[in-house]
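Visitor: Structure incoming, see below.
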């Protein structure tokens with residue numbers, strides 16, 4: 001296939017490949033930015049404070065909206081939903097292609113803005129940024145892309161499986177839940193960031209405390225989207241992981257209904273615990289108690305999924321692809337560690353000590369970075385048969401190097417967080433923490449190079465015919 005035909009195609013497989021290419025490009029770009037500001041922390045003469053803040057802001061937005069979502073949702077959903085529903089394509093192929101082409105435009109606007117207000121864009125700091133308009137328009141474009149693709153996925157599955165919901169695959173169930181979460185939460189984010197522009201240009205005072213507004217209102221609006229966004233990205237990986245175990249073990253995974261109920265419970269509870277990001281924002285005691293309890297409850301359906309996966313792996317009689325099994329185990333371990341650190345942070349009293357430290361960074365990244373990447377690599381093995389390619393080249397060395405080095409990066413950041421090292425500082429004066437910061441940089445560089453080797457090996461193996 002020529003490049004021109006790929007770019008102009010509306011076929012679901014071609015659009016899926018475009019999503020994958022965009023996700024890989026954005027992931028490498030965002031990871032390079034993270035290495036750059038890790039370098040600044042080790043050698044505080046590389047970047048100015050404004051450039052450092054811009055790198056941190058762009059890194060967060062790029063990795064969430066242009067690396068994680070296009071890969072975990074855009075690529076796998078476009079590729080697998082028509083096959084799982086036994087249809088030739090999605091119901092609206094042209095709208096599907098439009099949802100992709102909005103993303104490069106959105107990414108270009110975001111890079112042009114070089115926003116430096118932090119990826120959460122808390123007012124009043126965000127209102128002072130001279131390029132916040134470009135960032136808001138960029139997020140609106142990305143939101144429209146996600147909304148129309150979610151509606152396309154939903155109507156495709158409803159039109160083809162209306163009387164057979166009991167037979168729908170676990171991956172399709174995950175996309176149903178993700179689409180519902182996006183349809184419910186994205187408009188709230190759109191309203192929140194639009195109010196930033198109206199405060200700046202139309203003299204409204206939604207977030208201006210001096211004029212009777214409330215800056216905390218933005219935090220509620222943002223995190224009502226921001227916390228479900230974690231599950232928007234990770235739920236498709238749950239579905240892929242379950243399907244991968246079914247494919248590897250050659251039998252249906254036990255307790256499929258319980259897995260569907262667990263995913264639905266995670267999506268539901270995850271939508272009503274947003275304020276655990278705001279324990280230090282002045283919430284009253286009763287509110288903090290509710291969000292502490294509700295957040296801890298998420299561990300129950302998550303534990304159901306973990307134990308089901310572990311039991312399925314233990315009953316597997318033969319595994320010929322050792323790299324795949326290594327990644328499956330790494331996914332379970334990393335998500336379990338990330339979930340455990342999340343339970344610790346859900347305690348409002350503990351969060352007052354750990355809030356805005358590197359412990360929060362480590363918790364977030366071990367779920368949204370490590371678990372996500374391991375799950376995507378597992379998903380690529382699963383999806384390779386649908387692309388008529390082979391990923392059977394042994395990659396155990398590269399895989400183990402990437403897994404262990406990436407684990408070490410965030411283990412060091414957990415230690416930094418317990419030492420009360422604050423994040424979002426472009427320079428640290430404590431000489432005692434410099435050794436840990438430099439070690440974290442070196443290990444992160446090894447992890448990045450190992451992941452590049454993994455991706456190159458994957459691309460090379462894709463040239464082989466499927467066996």
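In case you wondered, yes, glycine gets a Cβ from its N, Cα and C as well.
A TrEMBL annotation is a machine prediction, not a hand-curated record.
Pasting the feature list from TrEMBL:
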type     : residues : note
DOMAIN   : 1-467    : domain 'Cytochrome oxidase subunit I profile'
TRANSMEM : 12-37    : transmembrane segment
TRANSMEM : 57-81    : transmembrane segment
TRANSMEM : 101-122  : transmembrane segment
TRANSMEM : 134-158  : transmembrane segment
TRANSMEM : 170-197  : transmembrane segment
TRANSMEM : 217-241  : transmembrane segment
TRANSMEM : 253-277  : transmembrane segment
TRANSMEM : 289-314  : transmembrane segment
TRANSMEM : 326-350  : transmembrane segment
TRANSMEM : 362-383  : transmembrane segment
TRANSMEM : 395-415  : transmembrane segment
TRANSMEM : 435-460  : transmembrane segment
Visitor: Would you kindly list the residues that approach the transmembrane segment (362-383) from elsewhere in its chain, counting only those six or more residues past its ends and only Cβ-Cβ distances under 8 Å?
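Guide: Residues packing against the transmembrane segment (362-383) from afar: 63-64, 68, 71-72, 76, 79-80, 230, 233-234, 237-238, 240-241, 243-244, 247, 321, 324, 327-328, 330-331, 334-335, 337-339, 341-342, 345, 391, 399, 403, 406-407, 410-411, 413-414, 416-417, 451, 454, 458.
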Visitor: Give residue numbers and ranges for long-range contacts of the transmembrane segment (253-277): same chain, 6 or more residues beyond its ends, CB-CB under 8 A.
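Guide: Sequence-remote neighbours of the transmembrane segment (253-277) are 170, 173-174, 177-178, 180-181, 184-185, 219-220, 223-224, 226-228, 230-231, 235, 238-239, 242, 245-246, 283, 287, 291-292, 294-295, 297-298, 300-302, 304-305, 308, 311-312, 345-346, 348, 351.
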Visitor: Between the transmembrane segment (326-350) and the transmembrane segment (101-122), are there three or more CB pairs that fall under 8 A, provided the residues in each pair are separated by 6 or more in sequence?
Guide: no
Visitor: I need to check the long-range neighbours of the transmembrane segment (326-350): which residues 6 or more away from its ends have a CB within less than 8 Å of a CB in the stretch?
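Guide: For the transmembrane segment (326-350), the far contacts come to 234, 237, 241, 244-245, 248, 276, 279, 288-289, 291-292, 295-296, 298-299, 302, 306, 309-310, 313, 359-360, 362-363, 366-367, 370-371, 374-375, 377-378, 381, 396, 399-400, 403, 407, 414.
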Visitor: Cβ pairs under 8 Å with the transmembrane segment (12-37): which stretch of 134-158, 289-314, 395-415, 435-460 has the most?
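Guide: Out of the listed stretches, 435-460 contacts the transmembrane segment (12-37) most.
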Visitor: Mean pLDDT, the domain 'Cytochrome oxidase subunit I profile' (1-467)?
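Guide: Mean per-residue confidence for the domain 'Cytochrome oxidase subunit I profile' (1-467): 88 out of 100.
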